[in-house]
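If you check Swiss-Prot, you get these features:
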- His435: active site, charge relay system (ACT_SITE)
- Asp484: active site, charge relay system (ACT_SITE)
- Ser579: active site, charge relay system (ACT_SITE)
- Cys21-Cys104: disulfide bond (DISULFID)
- Cys51-Cys57: disulfide bond (DISULFID)
- Cys111-Cys194: disulfide bond (DISULFID)
- Cys137-Cys166: disulfide bond (DISULFID)
- Cys141-Cys147: disulfide bond (DISULFID)
- Cys201-Cys284: disulfide bond (DISULFID)
- Cys227-Cys256: disulfide bond (DISULFID)
- Cys231-Cys237: disulfide bond (DISULFID)
- Cys294-Cys377: disulfide bond (DISULFID)
- Cys320-Cys349: disulfide bond (DISULFID)
- Cys420-Cys436: disulfide bond (DISULFID)
- Cys575-Cys603: disulfide bond (DISULFID)
- 111-194: domain 'Apple 2' (DOMAIN)
- 201-284: domain 'Apple 3' (DOMAIN)
- 294-377: domain 'Apple 4' (DOMAIN)
- 392-627: domain 'Peptidase S1' (DOMAIN)
- 1-19: signal peptide (SIGNAL)
Amino acid sequence: MIALRQAAYFICLFATVSCGCLTQLYHNIFFRGGDVSAMYTPDAQYCQLMCTFHPRCLLFSFLPENSTSDADKRFGCFLKDSVTGTLPRVSRTGAISGHSLKRCGHQISACHRSIYKGIDMRGVNFNASKVRSAKECQERCTNNIHCQFFTYATKTFFSAEYRNTCLLKRSPQGTPTRIKVLSDVESGFSLKACGNSKIGCRVDIFQHSAFSDVDVAGIIAPDAFVCRTICTYHPSCLFFTFYTNAWKTDSQRNVCFLKTSQSGSPSSPTPQENAISGYSLLTCKQTLPGTEPCHSKIYPQVAFEGEELHVTFVKGVDGCQETCTKMIRCQFFTYSLFPEDCRGEKCKCSLRLSLDGSPTNITYGTQASSGYSLRLCKRGDSRVCTTKRTRIVGGTNASWGEWPWQVSLQVKQRAQSHLCGGSIIGRQWVLTAAHCFDGLLLSNIWRIYGGILNLSEITTETSFSQIKEIIVHPNYKISEGSHDIALIKLEAPLNFTDLQKAICLPSKDDTKPVYTDCWITGWGFTEEKGKIQNTLQKANIPLISNEECQKSYRDYKITKQMICAGYKEGGKDACKGDSGGPLVCQHEETWHLVGITSWGEGCARREQPGVYTKVAEYVDWILEKTQDSHGQPLRK
């Protein structure tokens, strides 16, 4: 099995551009050629983020400060494209290379929380103030409309005049114009993209209205909503004006003008027929239409022009969009319905691209439909949050890939054995129950297995993850059973496959959804005095109110940090060995990690529901603890 997986991986890496999510970072490797852009970034992870959001970038190489004697190339981030999906590899000490995350679903986020000690990220300094910490400086940057990144001089900075000074910065690209090593300073980026800004946002769309002010770019778009998304992800755009296809000036039709101003606000709008204006949504606190970096709408009787990447014949415009999404270089497409372009039920699907990711021209009134690739959608090709559904008593055997976030936590002492379950929530993070680590806090005794169905298939050749750090919730107490939650940081990022993916976290900001399709999974006992099961078990189970649950546990306190599930008559429940595993529920075609298997009286007893840690109550804690990870920050 492991040999087959490795073979598939190398075929994917070297032979095609239509593979799934590749998260590996290659140390001491530099990709030669294919350059489409270059900038300065503080680390390889931020370079990867820049590659992910660049319309042409598939690969990148990063040169840390100690990897080159050329001062102009230190902290250099080189974004690359390739027709074949790969580039020649050159051995270079210290260099780090990797792939765009365009195909990585839930990992696509512009949020980057890390604060870097000992480097000065240079740009245009436009504001200076005294603060007490780098975190406070980052907060000021996040709440300043123009600030993109910052540098904070600590209380031990060599110049007394600048100690505890917070410098807010910006640049045309949104990245530093240079990065220098400097003692006693800390630098980082605005957290606007993390939903942390207090500025607020305006979702108004102003019909027949144009903003003047300063144009920073002009990009072709089919409507004002695509224009708004483009503005949201442009480093300098604060608001926009879009001219429709009926605009009086031919050269400006379907052009999205991205704008800024010194004040941060537009001047008074000018009444203009066939002009539509609005604001960037970067400072919004919640996920709204336009804040996701993709466009799913299909435009009938519209043709998008651009560089021809590939032509194929498919059935239906949805099939054309799916084909475009699967081919990672494809940015947009046109599906022709002209009789001469059809062969039976299949018609011509033209896959296209451009330098900026937008059509070079748009034609209306044609027998065609057009749209964009969904490669940057959070529910994109990796299907992390939309996977078919995917201590279990009364359960049945699961199938391969049905619950790809489920992991087995195993302890290796005299013999190795399954102890708890857990859930993958990020490429370097697993969420489980705190009580799994009672008396077992040494990270080197644990092995974590993902992408497995049968425990008997684990051999000495089976790949596993090691633990870098165990983070138990600070309020967890063994004797009380509350706050039964722990994070595991893995030594190395996981490579997501059809058998191994992450589950989405619930949003603490959303109105409480009514979950009607909930499941528990695990390898635990199928009866109270049973044994660990070989095949992963699953059981469909209803949620019950905390008030109802409290009636069943009069000697215990059911807190708001807990959630209960089970049948009144019993029969299905989690049991020994399922602890730490997931309680997942489907809502609006998305699977969420609603609970963590925690405790209960016996297993599947009548009127004794299972008690689970309520994950929504801990989202802030999870984000706080994962923000300094070297993987993409978790964001919901």
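Residue 1 is the first one shown; counting continues down the chain.
A Cβ is built for glycine as well, from the same backbone N, Cα and C atoms used for every other residue.
The model shown is predicted, which means the values in this text are computed figures rather than measured ones.
Closest to Cys294 (disulfide bond) in space, going by CA atoms and restricting to the disulfide-bonded residues Cys21, Cys57, Cys166, Cys231, Cys349, is Cys231. When Cα-Cα distances from Cys227 (disulfide bond) are compared across the active-site residues His435, Asp484, Ser579, the shortest belongs to Asp484. Per DSSP, the domain 'Apple 4' (294-377) is made up of 13 helix, 42 strand, 29 coil. In terms of DSSP helix, strand and coil, the domain 'Apple 3' (201-284) has 13 helix, 34 strand, 37 coil.
Across the domain 'Apple 2' (111-194), the prediction's mean pLDDT works out to 97. Taking H, G and I as helix, E and B as strand and the rest as coil, DSSP gives the domain 'Apple 2' (111-194) the counts 15 helix, 38 strand, 31 coil. Each residue contributes its Cα atom, and for Cys237 (disulfide bond) and Ser579 (active site, charge relay system) these two points are 48 Å apart.
Cys194 (disulfide bond) is surrounded by 19 other CB atoms, counting those within 10 A of its CB over all protein chains shown. Take the CB of Cys57 (disulfide bond) and look out to 10 A: across all protein chains shown you find 24 other CB atoms. Among the recorded positions Cys377, Asp484, Ser579, the ones whose Cα sits within 10 Å of the Cα of Cys436 (disulfide bond) are Asp484, Ser579.
With Cys147 (disulfide bond) as the anchor, the candidate active-site residues are His435, Asp484, Ser579, and the one with the nearest CA is Asp484.
Straight-line distance linking the Cα atoms of Cys201 (disulfide bond) and Cys51 (disulfide bond), rounded to a whole number, equals 27 Å. In the three-state DSSP assignment, the secondary structure recorded for Cys104 (disulfide bond) is coil. Working note on the disulfide-bonded residues Cys141, Cys201, Cys237, Cys284: by count of other C-beta atoms within 10 Å of each C-beta, Cys141 ranks first. Across the fold, the C-alpha of Cys137 (disulfide bond) and the C-alpha of His435 (active site, charge relay system) stand 37 Å from each other.
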